[in-house]
Structure formats: structure tokens, C-alpha cells
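Here is the structure we will look at.
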Amino acid sequence: MSKNKDQRTAKTLERTWDTLNHLLFISSCLYKLNLKSVAQITLSILAMIISTSLIIVAIIFIASANHKITSTTTIIQDATNQIKNTTPTYLTQNPQLGISPSNPSDITSLITTILDSTTPGVKSTLQSTTVGTKNTTTTQAQPNKPTTKQRQNKPPSKPNNDFHFEVFNFVPCSICSNNPTCWAICKRIPNKKPGKRTTTKPTKKPTPKTTKKGPKPQTTKSKEAPTTKPTEEPTINTTKTNIITTLLTSNTTRNPELTSQMETFHSTSSEGNPSPSQVSITSEYPSQPSSPPNTPR
């Protein structure tokens, strides 16, 4: 019933909280409008009432939460007190034992007797830890953990027999006179001394050295540039003689004086090569006497 009441009150408080918030928002919006003085006064009064009611609702929320917390703490305290007041279960299960919880030494002695009766030949030391409370004392018996140590392997004991002979590595037969057991054990010394063993060391095979031949340098012969000899210019003697003969044949009929000059010029052409300019001058000016050709010095 109490849970249902708490849920109802919580729901009502939430609803009132929401409605009051909405009313505050509406009143603030209306207050911003330019209304008459009476309306503004009423809105301000409503806002004050709503704000105070919101504060009251918040206080109720906090008080209800604190009440729930205190109720849970009281329940926990009651449970712990009940646990402390109750006696241990392992004492109440067997009423025939007649154990009084005030004597922990009697409890440990009885536990050891029970263990000895159930498992004979086994003795385990128990560590009794007494936990003291206000009215009762409980003992918790913890057996010792078995120590795991590696046992050393002992050599087997030799039987104490009188007729036990130890065979040595080497017994010379010269010691044995008439003892048959000695003759059975002894060893004869060889006359020849064992020669030294010849140890042959393995000869290492010579590794053939491979010499890598380097690439031969390629010698490229530089090709000589072809030397072109200057060609001698052909002599113009033949051309000059042909020109002179044509001029003579053409002008013999016209001027007899010019023929004599050309003959003299032809005779001197063998000694010195006249220039073509001189030939053209003589042909253009036939009346003037031709100058003698310049002889080379």
C-alpha cells in the first residue's frame, strides 16, 4: 500500500510541476504585451504565486526522496542486527553434541575427534580463527595446506653380502697366484705397446681462382676528314684566242688599220695574257691606237 501511495504522489507532483511551468511561460509572454496597468499587475501576481508553488513542489520532492533513503537504511540495520543475534548454523544442526558457544576450545577438540573417527590415520592441524562479536564467538577451522616439496632421489642401498665382488677396469694377471676368481677377472698385459694413432688431417682442396677478364677497350680510329685539294683554275688562253680570231674576222672588212693593231695584239698575247677589258676596249674604239700591253715585271 505504501508503494502505491508513493507512486501516486510522485505522479501528482510531476503534473503540478509541468502545469506551473506552462503558466509561467504564458504569463511572461502576456506581460511583454502593452496591456493596461491592471492586467499587468494581475499577471505579475500570478507569476509570483506560480514561482512559490514551484519552490514548494521541489521541497516535497526532496523530502520524499530522503524518506525513501532513510527507510532503506533502517531495513539494512535491522537485517544486520538479526544476523548478529542468530547463532551459527553448524552448532544448532546437531543438538546431541551439547556445544556451548562460549567455549571455542571445546569446539576445536570435538572437531578433531570427529575427523579422527571418520578418517583414521590422518592427522591434520587446524588453525582456529575466533571472530568475537557482542554476544557470541564463532570459530572457523582451516586445515593447513600440504607442503609440496620435491623429494631427493636416494641411491639404492647395497646389500651387505660377503661374496660381493666389484669388477675393476683393469686387474693384471701377475697378481693372481692360485686364486681362480682372480684369474677369471684379470687381464693380461700385452707385450707390445700400442702405437700412436696417426691422425690424418683432411687436406683442403685448393679453390681455383677465377680471374674475370675485363672487357677490352674498343679503340675507335678517328676518321680523318677528307682533304680536298684546291683545283687549279683552267687557263683562259684558248678562250682568249678564239675571241681574238672572231674579232679579226669580223673587223677585217671594215677597218684595215684595226687589223694591223689586232695582229700586233695577237703577237703580244703569247708573251703576256691580256685582260678581257682590253679586248673589249679595242673592239669598241677602233680609231684610237691601242696601248702596248703591260708586261709582267
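Easy rule for this one: first residue shown is 1, then count along the chain.
Including glycine, each Cβ sits where the backbone N, Cα and C put it.
Since the structure is predicted, the reported quantities are computational estimates derived from the model, not experimental observations.
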Hey, which of N85, N237 does Swiss-Prot call N-linked glycosylation site?
N237
Record Swiss-Prot, residue C176, disulfide partner from C29, C182:
C182
Pick from C29, C173: which one does Swiss-Prot say forms the disulfide with C186?
C173
